[in-house]
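The annotation region 'Amidoligase domain' is assigned in Swiss-Prot to 1-283. The annotation UTP binding site is assigned in Swiss-Prot to Ser25, Lys204, Thr205, Lys206, Pro207, Thr208, Gln209, Lys240 on the grounds of sequence analysis. For Ser25, Asp164, Ile165, Glu166, Lys204, Thr205, Lys206, Pro207, Thr208, Gln209, Lys240, the entry in Swiss-Prot reads CTP binding site, with the evidence type sequence analysis. Marked as ATP binding site by Swiss-Prot on the basis of sequence analysis: Ser26, Leu27, Gly28, Lys29, Gly30, Leu31, Asp83. Swiss-Prot lists Asp83, Glu157 with the feature Mg(2+) binding site, giving sequence analysis as the kind of evidence. Residues annotated as domain 'Glutamine amidotransferase type-1' in Swiss-Prot: 308-557. According to Swiss-Prot, the L-glutamine binding site annotation covers Gly371, Leu399, Gly400, Leu401, Gln402, Glu421, Arg482, on the basis of sequence analysis. Sequence annotations record features per position, and here Swiss-Prot assigns active site, nucleophile to Cys398 based on sequence analysis. The active site annotation in Swiss-Prot covers His530, Glu532.
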Amino acid sequence: MSTSRTTTNNKRHTKHVFVTGGVVSSLGKGLTAASLGQLLIARGLNVTMQKLDPYLNVDPGTMNPFEHGEVFVTEDGAETDLDLGHYERFLNRNLTANANVTTGKVYSTVIARERRGGYLGRTVQVIPHITDEIKARILAMGDPDEHGVVPDVVISEVGGTVGDIESQPFLEAARQVRQEIGRENCFFIHCSLVPYLATSGELKTKPTQHSVAELRSIGILPDALVLRCDREVPEALKTKIALMCDVDTDGVVSCPDSESIYTIPETLYHEHLDTFLIRRLDLPFRDVDWTGWRDLLDRVHHPEREITVGIVGKYVDLPDAYLSVVEAIRAAGYAHRTRTRITWITSDDCTTPAGAATALGGVDALVIPGGFGARGIEGKIAAVTYAREHRIPLLGLCLGLQCVVIEAARQAGLEQATSTEFDPGAAQPVISTMAEQQAAVSGQADLGGTMRLGSYPATLEQGSLVAQLYGITEVSERHRHRYEVNNAYRTQIGQRSPLIFSGTSPDGHLVEFVEYDRAVHPFLVATQAHPEYKSRPTQAHPLFSGLVAAALAAAVTDA
């Protein structure tokens, strides 16, 4: 039974844990924070998480995927950092817009307040006004949730690297939080690189020492260090680092590279990071309940079968652009005790029949994920054609649904079928701009934060494949799009092609799901939504699970 507090029993302070990074970026702070959160939940605590992003963008919604990676959409429609996807998957809970704080959001709020006269004529400065706004957003994560439950622990990851000029207001705010709520209610974890020099055969501790010195110079004394390395850090080196960085030996944790990100909680558990933190913060706890996670790790490390899943996309040079899609595919594989090997396929390589045959010939299943713009679109449509003709299981997501509809429309005699996104003057726009998106598309309104975002309900056709996969006919999925199936062409496409419009918005206006009759194709399903955002490693999403099951069934048939 959870020891979480409610608003009627609020005697114990919410504890705040801050995770910072040093030496280099991309150390895995987000995964470390999420893994610690999972561990604390396994000990019966209520945990929520937050990402503090130093960039000046209000959110990543308008950022190039090559710049930022995936944009993760929350239930309430916030476009956030991809680390929130890790948080949701590891904690198995939905987060909100409040879980992602950017410099852009903070400055926008402070400047708007100044314009309204909220500072009563005072000079607005980084300290205290910007830091106060950051602190308010951090402390607000400790408020009761919609069920009246107050979290036991809030874990806040500070993006960037200690020493970055952009991170300074966030680190100063974190320092002030510790001062305000009491040191007994606050815990700092610093992730640092311990590089291995092959020429000398040594692990070097000096970068970590310098990084901690930089952190201490701004008033933050780390309580624990997570040492990132490509191998185990010996106890002697951990003792040396503890001495030189003035950290308890029990608080120096080795976290080497691992085959699967889902083994990180187990690594931190064996290093006793959770027990050290619980002891320091005087948290109530129980023995770790590993039941669900151990079953997951057994499936991760002991697959019984293997399939290859191709992802046909525009941004495949940066796999992080499709991070949640990859994790959803892997989770579906775990559910079926199957290793899923991911093959990255550039959509431009599939434009011709010969190119599609070369690029797609060795895959057992295909996923066509979301994206924007005309580049590579004909390759995605050609990939749909190849999958349809060769009966390869295919799942289309967002833009993937639109490609499936365009391909079916061309089968139905609409040879010029396309989307107004790719050709605003299209003669046969089977995909068109949503009415409420016209202003943004025409440049008369902001692009950022104006798409159809967040969770929306859909009604599935009784007896359809998607209804069978979900097990229900009323579902809810997250969205991020401006374009929709043009209802003027629905009847013609439905009558002249095997495509079935198997799910719509409750009012029947928006097409949300399409599929092919199973007599025509074993598994060709697409959704306007982004179901990958709701997948969990311990609970595969039904659509991805269905894709993997179809690929396994096809492999048995072929054998």
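Placed from the backbone N, Cα and C atoms, the Cβ positions cover glycine too.
Remember, it's a predicted structure, so these values are computed and weren't measured experimentally.
Looking only at the binding-site residues Gly28, Thr208, Lys240, the one with its C-alpha closest to Gln402 (L-glutamine binding site) is Gly28. For Glu532 (active site), the same-chain residues that are 6 or more apart in sequence and have a Cβ closer than 8 Å to its Cβ are Ser324, Val325, Glu327, Ala328, Pro369, Leu397, His541, Phe544. By the criterion of other Cβ atoms within 10 Å of the residue's own Cβ, the least surrounded of the binding-site residues Lys29, Arg482 is Arg482. The candidate set comprises the binding-site residues Ser25, Ser26, Thr208, Gln209. Of these, Thr208 has the most other Cβ atoms within 10 Å.
If you take the Cα of Glu157 (Mg(2+) binding site) and the Cα of Gly30 (ATP binding site), they are about 7 angstrom apart, rounded to a whole number.
Set side by side, the binding-site residues Pro207, Gly400 differ in how many other CB atoms lie within 10 angstroms of their CB, and the most is found at Gly400.
For Cys398 (active site, nucleophile), the nearest neighbour among the recorded positions Leu27, Lys29, Lys204, Arg482, His530, judged by Cα separation, is His530. In the predicted structure, the domain 'Glutamine amidotransferase type-1' (308-557) carries a mean pLDDT of 91.
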